Amino acid sequence: MTIWLAFAVMTGIAVLAVLWPLSRRLPTRAGAVDQTAFYAAQLAEIDRDLGRGLLEPGEADAARAEAARRLIRASAGAAPATGGDSEPALRRRRAASAVALSTIPLVAIAVYGAVGSPGLPAQPLAAREAPRAGGMGMAEAVARVEAHLARDPADGRGWDVLAPVYLKSGRAGDAVRAYENAIRLLGETPDRLAAYGEALVAAANGVVEKAARRVFERGLAGDPKSAKAQFYLALAAEQDGRPDEAATRLSALIASAPPGAPWRSTVEAKLAALSAPAASAAIANLPASEQKAAIAGMVEGLAQRLAQDGNDAQGWLRLVRSYVVLGDQAKAVVAVQAGKRALAARPADVAGLEGLARELGLVEPAAKP
Amino acid sequence: MSVEVGHYALALALALAVIQVVLPFWGARARDAALMSIGPAAAVAVFVCVLIAFAALVKAHVTSDFSVVNVVENSHSLKPLLYKVTGVWGNHEGSMLLWILVLALFGALVAVSRRSVPEPLRTDTLAVQGVVTIAFLAFVLATSDPFARVFPAPAEGQDLNPILQDIGLAIHPPLLYVGYVGYSIVFAFAAAALIEGRIDAVWARAVRPWSLVAWIFLTLGIAMGSYWAYYELGWGGFWFWDPVENASLMPWLAGTALMHSMLVMEKRDALKVWTLLLAILTFSLSLLGTFLVRSGVLTSVHTFATDPGRGFFILCILVAFIGGGFALFAWRAPVLKQGGLFAPVSREGALVLNNLLLASACATVLIGTIYPLALEALTGDKISVGAPFFELTFLPLALALLLLVPFGQALAWKRGNLLGAAQRVVAALAIAVVGGAVTVAVTRGGPVLAVFGVGLGLFLVAAGVNEVVARSWSRGMPLSNALRRAFGLPRSAWGSAVAHAGVGVVVLGLAAQAWSVETLVTLKPGEAAQAGPFTVVLEGAFPRTGPNFNEEAARFRLIEGGAAVASVEASKRFYAARATTTTEAGIRTLGLSQVYVSLGDSRDGALGVRIYWKPFVLLIWLGAVVMALGGALSLSDRRLRLGVPVPSRRAQASLPTATPAAAE
Amino acid sequence: MTRKQRRLALIGSALGVLAVAVGLVLFAMRDTIVFFYGPTEIAQKGIGPGARVRIGGLVKPGSMVREAGQTVQFAITDTATDVAVTYTGLLPDLFREGQGVIAEGTLQPDGSFRAASVLAKHDERYMPREVAAALKKQGVWQGEQPAAASDAKAVTQ
């Protein structure tokens with residue numbers, strides 16, 4: 001509402017500014033509207049300048065003579081001006097007032113109505129940020145931290161805060177860079193190293209590569225009880241075809257687990273999956289090409305089983321992981337979607353599946369932020 | 001709220017401009033003083049409204065209000081404050097709003113300068129000015145609305161083109177606009193004179209300050225733009241005969257002609273019709289410049305907008321004003337009382353020649369700029385008209401003109417004496433010849449044209465000095481007397497002497513470029529290349545991070561005669577937000593000369609480097625500043641405004657040589 | 001001088017200057033104007049070697065070869081025909097394979113093109129006007145994109 005009030009005030013002032021000259025009593029001399037007035041004024045100005053010493057007397061005389069000559073010529077040819085309070089003049093003024101009074105608001109409102117958006121308040125960035133500071137959206141928070149880091153890239157804490165957020169939102173590459181910066185600026189801690197390794201694994205689509213393995217080993221050296229490092233090293237061993245070592249590590253992890261550790265069940269499931277099919281050990285002994293074919297066959301079998309009976313949350317998780325390990329991103333994404341459909345009745349499992357997808361950096365085409 | 005207030009203010013300005021045209025014009029026809037006095041009031045009101053709108057846009061940019069499309073597209077919350085402000089007119093919509101702001105400002109200035117302009121002339125002038133304002137406000141509101149909104153507002157803006165994030169570019173469009181728009185006032189005065197059916201020396205005096213202001217700003221704007229291209233684009237040139245540059249040069253040439261023809265009108269009441277024609281032409285060329293740049297018919301650095309809708313609208317404005325202006329001229333010019341004729345050998349005769357040459361030079365530039373567009377439209381053949389064309393056509397005309405300048409300056413009004421004039425410039429001519437000879441001796445040759453250029457530049461500068469000396473000193477006079485008389489000379493006389501000397505300075509700078517050196521090499525750290533008197537050594541290359549870019553910088557050492565004299569740094573920047581690379585030339589100024597280094601690609605540890613040695617290159621832009629200074633001196637002359645004939649007869653009588661004298 | 005003579009002098013000098021200007025323009029038009037062609041047009045029109053022309057098109061991906069010094073070889077293509085170009089000097093900032101480019105220079109007897117200058121003017125949404133027109137003829141380029149907020153021009157000579 002205030003905006004319309006402001007518009008009304010502006011329009012009012014504009015109309016008044018234009019009508020104000022009409023209300024003045026103007027000199028009615030004929031000269032007022034012709035050049036004679038101009039030359040008369042010029043003569044006066046010459047005298048004033050002479051008085052102030054801006055002109056030499058000689059110059060002033062010459063100028064005066066010329067202006068006077070022009071004045072005479074102008075007044076000889078001047079048409080008598082109408083105006084003053086004669087009847088036609090008054091009528092003209094009334095008409096002019098009417099025109100100004102109607103045209104200005106009409107044109108202004110019509111034009112503004114066609115292009116304006118009166119309902120939209122100004123939204124300066126500062127004002128937009130201030131009130132939402134408490135419950136700011138994740139994207140905006142990230143953007144603000146990023147903006148801060150762009151100004152001050154040497155702020156390690158900023159990178160430290162940003163890195164896990166990146167990892168959770170599937171930006172594994174950014175997470176890796178952020179952890180590297182944090183480690184460079186704040187130094188190594190076992191936790192940071194473990195998290196960094198996790199980011200590296202995510203960036204490599206779930207494969208624990210050599211670099212990541214070294215990071216985990218360094219982390220474990222710093223804190224032998226680091227569960228994350230231990231777990232990923234087990235994973236590395238499994239992926240490298242050393243299931244025994246993997247099983248040993250996982251067993252040790254379970255043994256040292258504090259009571260009620262939330263990850264305990266995951267590790268136990270992993271250990272179970274590792275030792276259950278002895279086939280995996282057999283496969284490990286096959287030549288590389290056959291190994292891959294064998295694994296693909298197993299995965300295919302799992303996929304078929306799940307297609308018939310999709311009620312196995314663990315099975316879906318394994319399938320997705322397998323596809324990622326095989327390097328088939330597209331199938332992994334499809335598996336996530338299929339799994340979510342099959343498990344729709346159990347939100348907790350759906351969330352687990354989504355969590356895995358995020359962890360592995362699987363992004364569904366439509367769900368891209 | 002402020003954004004919409006600005007938006008509404010723009011709509012209100014359009015409404016007020018309609019009133020500014022209609023009621024006072026009616027009043028002027030009816031000779032009704034009351035109605036006529038609405039004109040100035042409305043003009044001031046329009047200015048206030050446009051100022052509010054502009055302030056609102058500036059505020060939106062400064063506060064990063066991303067609910068405004070213009071801000072989203074052309075700003076970024078991390079941009080330095082200075083570039084947030086200059087970014088307001090660094091884009092199409094904002095620059096058009098600036099155009100209108102300057103237009104309204106000039107309208108308001110005419111409105112309040114009550115004493116310098118006769119009343120009916122002022123009324124009609126403001127009415128014509130109002131028509132221009134309406135056209136441009138309608139254009140902005142209909143096709144280039146700077147206040148268009150977006151909801152929901154994006155979280156971040158899209159930054160400004162890094163190549164445009166530069167202080168030179170931030171300053172030069174406003175300078176050019178003041179020039180362009182200044183000629184709109186001159187046009188309005190010309191149209192008013194045609195409507196009134198009367199034109200005389202009073203008219204010339206009323207228009208003179210506007211034409212001078214426009215000329216000064218256009219001169220500075222062109223020089224600034226040229227310097228910007230020189231150091232920002234990174235390829236060492238300062239004038240490319242680019243259509244956009246031509247677009248600003250053409251009104252400048254026509255405006256320069258206008259300035260001189262108005263002098264004839266003021267002093268001798270002649271050349272009236274021609275002056276009006278030039279006034280219309282100059283503004284037409286200003287509009288054409290705006291059209292060429294804004295419509296996107298050309299592809300050039302400055303063309304921020306490529307939108308056929310806008311182009312068509314500007315074309316309509318162009319046709320309406322140029323066509324309307326010339327139609328009015330054809331209809332009303334015969335009504336005007338003809339001025340007198342004069343002897344060919346006289347100051348006014350020389351000024352006519354000046355006008356002819358300037359107009360022809362302007363026409364060649366126009367042909368070179370328009371011909372490729374016309375040819376493509378008609379036959380589909382695509383051609384490019386580049387520097388060789390202009391060097392063959394524009395240059396001879398310009399050289400002929402400049403060669404005649406000192407002679408023209410030396411001629412008296414009414415009836416000149418060629419021999420006398422020649423005698424007056426003989427000293428300057430001697431200096432020029434000696435200077436040319438010394439140049440040949442020192443440089444051991446050099447292009448003929450360049451030696452000639454040096455001579456010409458010296459001739460012009462010397463003639464400028466001579467102009468002041470001859471008018472204040474006669475043989476046997478004590479120096480103190482001469483100095484007193486020199487300071488007593490009218491400022492307009494100083495102005496013309498200084499401005500013409502400034503032209504000479506520019507010519508000197510241009511001629512000196514014949515001796516510039518360009519070297520293209522690949523250097524590894526520690527390696528050296530020769531550029532003019534300097535050995536340039538690459539000290540090393542290193543990466544660097546700036547506020548919103550990463551760059552690869554290289555540092556060079558300049559060695560002259562075995563001693564390191566300076567160092568210079570050049571870089572290549574990468575702006576991630578726009579995925580754009582820019583070349584930041586390294587420029588080292590040594591006296592009036594510069595060493596200019598720009599980087600190419602690096603390969604196998606070796607860096608592609610282009611090194612220029614540009615002797616006396618600063619004279620080019622310095623000369624333009626001197627020219628503008630001359631204009632400012634002339635502008636500050638009070639006497640001309642009052643119509644004081646100078647110098648007075650007494651002073652003239654005491655001078656042995658015939659001096660130019662105002663006559664009537 | 002009589003009034004008539006003065007008028008004649010004025011008109012005479014005007015015509016004189018005008019004639020000089022027209023003569024200069026006509027003379028310059030003959031020699032200094034550079035025609036613009038696409039690679040296909042070069043092939044079709046049988047432009048002889050030695051003529052100074054501008055060629056516009058896209059830099060053919062994979063065609064860029066850097067030689068000793070600052071010399072570069074690349075091909076300009078409109079997807080139908082290619083022209084091999086040799087150029088010595090710094091390439092503009094925006095020169096990239098697959099992007100629009102204009103080269104000015106002369107055709108060599110062997111059909112290759114020696115460029116004296118190379119211009120690249122574009123961002124990802126923008127193309128030189130002449131290049132866009134030439135490519136449109138070849139049916140490669142579909143319509144103009146809306147206002148590019150930025151274009152940059154880079155020239156090396």
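Even glycines carry a Cβ here, placed using N, Cα and C.
Please treat TrEMBL annotations as automatic predictions, because they have not gone through curation.
Here the structure is a predicted model, which means the values were calculated and not measured.
Annotated domain 'Cytochrome c assembly protein' per TrEMBL: B:89-295, in sequence order. The annotation domain 'Cytochrome c-type biogenesis protein CcmF C-terminal' is assigned in TrEMBL to B:315-638. The feature transmembrane segment is assigned by TrEMBL to B:6-26, B:38-58, B:125-144, B:175-195, B:207-229, B:273-292, B:312-331, B:352-374, B:425-442, B:448-470, B:491-515, B:611-633 (among others).
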So, does the transmembrane segment (B:6-26) come close enough to the transmembrane segment (B:273-292) to give 3+ Cβ pairs below 8 Å, pairs being at least 6 apart in sequence? no
Integer average pLDDT (0 to 100) for the domain 'Cytochrome c assembly protein' (B:89-295): 87
Determine which residues of the chain contact the transmembrane segment (B:6-26) at the Cβ level, with the cut-off under 8 Å and only residues 6 or more beyond its ends counted. 32, 35-39, 42-43, 45-46, 49-50, 52-57, 59-60, 97, 100, 104, 107, 123-124, 126-127, 129-131, 133-134, 137-138, 140-141, 145, 147
Touch test for the transmembrane segment (B:491-515) and the transmembrane segment (B:611-633), at least 3 Cβ pairs under 8 Å: yes
Using a Cβ-Cβ cut-off of under 8 Å, list the residues of the same chain that are 6+ residues beyond the ends of the transmembrane segment (B:207-229) and lie near it. 106, 110, 116, 166, 168-169, 171-183, 185-186, 189-190, 237-240, 245, 248-249, 251-252, 255-256, 258-259, 262, 266, 279, 301, 620-621, 624-625, 627-628, 631-632, 634-635, 640-641
For the transmembrane segment (B:611-633), the distant same-chain contacts (Cβ-Cβ under 8 Å, at least six residues beyond its ends) come to 212, 215-216, 219-220, 222-223, 226-227, 236, 238, 491-492, 494-510, 512-513, 515-521, 529, 531-534, 536, 589, 592-597
